[in-house]
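Structure record follows, encoded as structure tokens.
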Amino acid sequence: MTSSRPVFRSSWLPYVLVLPQLLITVIFFIWPAGQALWYSVQNLDPFGLSSEFVGMENFRQLFNNPYYLDSFYTTLIFSFLVAGFGMLISLFLAALVDYVIRASRLYQTLIILPYAVAPAVAAVLWMFLFNPGLGLITHFLGLLGYTWNHAQDSGQAMFLVVLASVWKQISYNFLFFLAALQSIPRSLVEAGAIDGAGPVRRFFNLVLPMISPVSFFLLVVNLVYAFFDTFPIIDAATAGGPVQSTTTLIYKIYREGFAGLDLSSSAAQSVILMLLVIGLTVIQFRFVERKVNYQ
């Protein structure tokens, strides 16, 4: 029995091959994370030239700050809305395209197009559509007697950023769901139909369990996307307003760290956000993965 493990002539060659990736990880991930941990227990001046060790004081001030707690709850609500609706809509579209025989390539192309749009551009696009004075969608809403102004209404502002974020992420989810659906053997689906199972029953009892690994992967990816990668959308669409109703944790870190030059507070918020994402990921792997069928 032969081993498939590669054998290197030089003992140092494997380390040289891994070195570039290790350097990238250390420089762009481990070193910034270590700096954030260090700054979170320091009281830094606005330019970072002098510091004083304060222990957990920065964290205590954060959890006694009602504005920070509001942004914490806003982040949780926003993230679950983006991840939930993004995955449901993508799965629905993928199932429709997988079912359609004619012009399926055209539908795939149209659905994938938003993936090529930059997040800030996606936000501006939806801002124009929902512009209170010139927007096409707001014009039809006005005909129905509904007044739209996301610059003054917190609920409308949240709807706008969730809509733009979901629209931007649909293409990514769609590609994975469609590939998973097309990998299911047609013989299994046909056998279920012969046994008398209807389309809905076949989907929930046969198709959905078979694509559960992809669904679990996308759940993790979408939550991380909602926590971090939606910053350009929020910044371009609402800038965290009105009255901080769309200020998520990542945007609050930017506002206090880069705009307000409060490096200690922003570092403490970065640590909390990092721990929150790690905690949610561990929970998903600990409990949600149990229901994933890899067979």
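Using N, Cα and C of the backbone, Cβ positions are placed for all residues, glycine too.
As written in Swiss-Prot, here are the features:
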type: TOPO_DOM; residues: 1-11; note: topological domain 'Cytoplasmic'
type: TRANSMEM; residues: 12-32; note: transmembrane segment
type: TOPO_DOM; residues: 33-76; note: topological domain 'Periplasmic'
type: DOMAIN; residues: 76-284; note: domain 'ABC transmembrane type-1'
type: TRANSMEM; residues: 77-97; note: transmembrane segment
type: TOPO_DOM; residues: 98-109; note: topological domain 'Cytoplasmic'
type: TRANSMEM; residues: 110-130; note: transmembrane segment
type: TOPO_DOM; residues: 131-157; note: topological domain 'Periplasmic'
type: TRANSMEM; residues: 158-178; note: transmembrane segment
type: TOPO_DOM; residues: 179-207; note: topological domain 'Cytoplasmic'
type: TRANSMEM; residues: 208-228; note: transmembrane segment
type: TOPO_DOM; residues: 229-262; note: topological domain 'Periplasmic'
type: TRANSMEM; residues: 263-283; note: transmembrane segment
type: TOPO_DOM; residues: 284-295; note: topological domain 'Cytoplasmic'
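Scored by C-beta pairs under 8 angstroms, the transmembrane segment (208-228) has its highest count with 77-97, from the stretches 77-97, 158-178, 263-283. If you take every residue in the topological domain 'Cytoplasmic' (1-11) and average the pLDDT, you get 65. Through the fold, the transmembrane segment (158-178) approaches residues 74, 77-78, 81-82, 85-87, 89-91, 93-95, 97-98, 108, 111-115, 117, 119, 122-123, 125-127, 130, 150, 211, 214-215, 217-218, 221-222, 225-226, 230, 233-234, 237-238, 245-246 of its own chain, all at least 6 residues removed from its boundaries and within a Cβ separation under 8 Å. Panel annotation: around the topological domain 'Periplasmic' (229-262), residues 46-47, 67-68, 70-72, 74-75, 78-79, 82, 118-120, 122-124, 126-127, 150-155, 157-158, 160-161, 164-165, 168, 269-270, 272-273, 276 of the same chain, lying at least six beyond its termini, place a Cβ under 8 Å from a Cβ of the stretch.
Counted with DSSP, the topological domain 'Cytoplasmic' (179-207) comes out as 22 helix, 0 strand, 7 coil.
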